[in-house]
Amino acid sequence: MAETSIFEVARQTHEEVERYEQAVADVLGSSAAGHKEQLKRAHQASDLLDRIVSRSAFLDNFYRDVAGERAREMEAIGPSSSDDAMSEFYDRLAKVKDYHKRYPGASADAFQVDFSALEGTGSAAEAAAGLDFVDRMFSGEEAAGRFLDVYVHHDAFLNLKGVRRISYLQYIDILDKIAGDGSRIPDETKRTEGYRRYLRDLQAYLLAFLRKTRPLQDIDMLELTTLATFEDDWDNGRLAGWEDGGERIFGAPARAAPSKPSGDGIWCEACARSFAKQTVFDAHLQGAKHTKAAQRLANGGATGQSTSGAAQGSGAARGDDEAGQVEQAKRRAKAKAMARDEALIQAAGRELLATRAETRANVERRAALTEKERQAEADEAGGDERPRGGDRGQTSGGGGGGDGDDDDDDDDEGRLYNPRRLPLGWDGKPIPYWLYKLHGLGVEFKCEICSDYVYQGRKNFERHFSESRHAFGMRALGLPNTKHFYEITRIEDALALAEKLKKQGKAVADEQGDAEEVEDEHGNTYTKKTYELLKRQGLI
């Protein structure tokens, strides 16, 4: 276009700002059907607001005139002392006419709100599948931002050293409980590089998820506020789990302490040397060297050494102190970085409480569905729940050009959707969740006699009393695996019961001896116990 005045550019920018403001009102004021459409319009409104901020920044620089362009333009079009005051006007008019002569078909610039930069262009496969920018922004498990997809982070959590294995549903509830009294992560685990990598990945995912699902909220301000609070708590020692600055986890810096050398002999603290015999030690106490060294030590000085030795010792001590300070600074920086990531995860976890609850409900609901029911649900949703590579909830349905039967075979051969690690049924697929709950397979029974082995469900627990594992444990204790010990899982209880049964057996034997009757040769009747007693006494 023809050369444009900077004032005309400013006028056009003001017009763009007003048009963008009207576009924001139109986007937010229109009704949206469904979560996905609402999110799409929120992203469009956020993109328009970014454009308004950009134009406003340009206008701010224009009115401040940092580069002096506005002053030069005013001087060029302002009153002139020359005879021809309209020369600048006619020069610019000639340029405009010349432009339109060369481009007679050029029309005035028509303002248009274009979201092509926001929506972008996906791959050919995504275009063929009809995926818009919201679909490309989220994974299939996230369902356009309705749910979290933290399967990868759950696996990383389970792979941490010293961490107790928990289910995916439990992980959703405790993923932000990583510091303070409610933390499930031991201090030994926090020293590992894997834990630091796990923290970085989790906090990056949660903050990115917040930005994608809440485009109209200032997530950057949430992050800055969290970091400001973190810095204040860290400096004042109020941060839960990090009150000592990480010394509990990484240890306090080692401090060198003087000690007498190993070996036999008599040690003189003042002279810093050892003597082999008591007589030699007593003799040196009267010497001038020892007297000066003892006086220097009493005044708080160094032990008796030569000047060069003292200097070397002082230099070594300073070197040790500096090395200790450097090591302490490294440990504190490492601890602070971990604590910062934990604070961001906790802040994001609080913001996503509702989403985490919905994610948990969705996982429980989908776990109770069969593969056909899950596919039917995806079809009813209009393809919103599409398969994706690496998605645990779905298998790839995709071989291009194949028929329906081939797709079903591919689905059967793919990875099963089993986030709760349900037992497999006769068909090789996870049993329905309602059946899992019906049999109580979610209830754990631990048997101490079986080396603390955990049995899932009441039926498996009852069956194990007749299995070889429990029988071997009973033999190791020297006890019979009889019905008397049914439901006994603690070693202490089993030994106590065995002792009780032993005492009861003796009592029963005694009672049976009193109840049995015998006759002598004259026909007199006695109890067996009385008969044996009289016979031993020679009375019968």
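Every residue gets a Cβ built from N, Cα and C, even glycine.
As given in TrEMBL:
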| type | residues | note |
| --- | --- | --- |
| DOMAIN | 266-295 | domain 'C2H2-type' |
| REGION | 296-334 | region 'Disordered' |
| COMPBIAS | 364-391 | compositional bias 'Basic and acidic residues' |
| REGION | 364-421 | region 'Disordered' |
| COMPBIAS | 403-413 | compositional bias 'Acidic residues' |
| DOMAIN | 445-476 | domain 'Matrin-type' |
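Confidence over the domain 'C2H2-type' (266-295), given as mean pLDDT on the 0 to 100 scale, stands at 80.
Counting residues per DSSP class in helix, strand and coil order gives 15 helix, 6 strand, 9 coil for the domain 'C2H2-type' (266-295). Residue counts of the domain 'Matrin-type' (445-476) by helix, strand and coil are 18 helix, 7 strand, 7 coil (DSSP-based).
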